[in-house]
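Here the structure is laid out as structure tokens; the discussion comes afterwards.
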Amino acid sequence: MEFDLENPFTNLHESRSDTITSLFHIESDHMPLENYFQSLQTKGFDISVRREAISEISKFSCTFDPFLSYLAVNYLDRFLSSQGMLQPKPWVLRLLAISCVSLAAKMRETEFSLVDFQGDGGFIFDSQTIERMEALILGALKWRMRSITPFSFISYFISFFKLRDPPLRHSLKARAIEIIFKAQNEIKLLEFRPSIIAASALLSAAHELLPLQYPCFRKAISCCSYVNKENLLQCYNAMQDIVIDGYESVFDMVSSSVTPVNVLDQHFSSSESGKTNGNITTNTIRAETDMKRRKIIDHYDNLTVQIPRIQQC
């Protein structure tokens, strides 16, 4: 049976309430160990190893659905947290990435060939070598391959919103899933449980799409007995930084079109920069960043208030 990240359990006879309780009870078993986040925070070397391994996973899984890539990175983080950081040798990272993607593809029952993974040249591994690495990963993960991820909690938390408009419900869920995908590479979120990440992603999506109802949604989720309010606030704030950064990149692309005025602005900016030897104060940079973020937030607030059929709490 194909592994569905939104429904990780196979026991269809278990009641919904028992399933939810079980998800919250065992979700920590599918997270990296606690010291993993601290290790990445304090050691730049560890961050670079993880970043390179994720880059390899993205390259190998780019033709598959994004849930497969997410699952592979989950295996990667759990493996590295239990085994320690590997030597930053290209062939080691490549073998680890291929093995994580291979295991995720098998869980998702996705047809693939090792040639698909290794067709770009570089280091070539035979099937026996990859299978040995897979066995090492399986042992480190204690064969817990049906990972409990934020996607497992999306349907539960979205039920708190009591949305009567199916298209709006679908849009909210789709945006939350998009945020979860984007947030996986951020090390600041590795310390939070999958359920907290799911709740934070839904609140972030609600803040964008339904700003008038957002306070009600936040109150409803905060009152959930399974949710730690302090952790929820910390995770939500960290996620907002990620979302805003994504807006900034789009905003920069839109506002960077070449016009005569922009060319003159760049010319005079370069001249002024030359006169001051390129010395730009930190306060100026921060002020420009804050101004840009305010413009982005105002822009999206203006868009979201136009969404029809806003329902009351």
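Heads up, residue numbers simply count up from 1 along the chain you see.
Quick reminder: no glycine exception, Cβ is built from N, Cα and C everywhere.
Residues annotated as domain 'Cyclin-like' in TrEMBL: 55-139 (among others).
Feature annotation from TrEMBL assigns domain 'Cyclin C-terminal' to 148-271. For the domain 'Cyclin C-terminal' (148-271), the mean pLDDT of the prediction comes to 83.
According to TrEMBL, the domain 'Cyclin-like' annotation covers 152-241 (among others).
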Helix, strand and coil totals (DSSP H, G, I; E, B; other) for the domain 'Cyclin-like' (152-241): 71 helix, 0 strand, 19 coil
For the domain 'Cyclin-like' (55-139), residues assigned helix / strand / coil by DSSP: 61 helix, 0 strand, 24 coil
